[in-house]
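*Asks:* The annotation coiled coil is assigned in TrEMBL to 75-116. What TrEMBL records for 31-40 is compositional bias 'Polar residues'. According to TrEMBL, the domain 'BZIP' annotation covers 64-127. TrEMBL lists 31-60 with the feature region 'Disordered'.
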Amino acid sequence: MPFSEINQFPPFVADLTIWDFHEPVSYNPGLYTSNPSPITSDPGPDEPDRRKSKTSASLSAVVAERKRRRMISNRESARRSRVRKQKHLEDLSNQLDGLRIENRKLNDRFRQAACNNELIRLENEQLRWESSVLRQHLWDLRQVLLVRRQLEQQLVNPLSAWSCIDNFTYLNEEQLNAQLFNCIT
């Protein structure tokens, strides 16, 4: 770290540093007045130019030092900003990866549920078809049994083959249903 960053007060004269002074500085309140007047000595012929050049040189050094410190501060601030942005970007990237993994798991679960749904739908369709086939088969068996009974009755008593339905007009509905059931079974 340069000296100017350690010492917050720039040297008064550009070519002197704190190490050039070996005596401790003592504070004398009588030296400082409310209206200080500059101490002047009898300048020689080239003295004012030297004083102006030293003052302007020290002023430009102070300005340059401030500019350099501001530039360093700006660079540090920009670096911190880049680090913050990079960390934020990494956090967003990690969050995106986590969401992608979760999305993949949800898609897998959805596909599995859709596949199970399709299998159950096909199984239900198969069971409905089998139920329909079995109902038709049962109906056909009842018809065969009914015809067989009628044939047996015709062989036993040819005149009373249809005796179970002779009295339909004289029976009430409940008796009629019972008579029909007896004919079928």
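Cβ from N, Cα, C; glycine included.
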*Asks:* Mind tallying the domain 'BZIP' (64-127) by DSSP state, helix then strand then coil?
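*Replies:* Helix, strand, coil within the domain 'BZIP' (64-127): 64 helix, 0 strand, 0 coil.
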*Asks:* Which value does the mean pLDDT take for the coiled coil (75-116) in this predicted structure?
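*Replies:* For the coiled coil (75-116), the model's average pLDDT rounds to 97.
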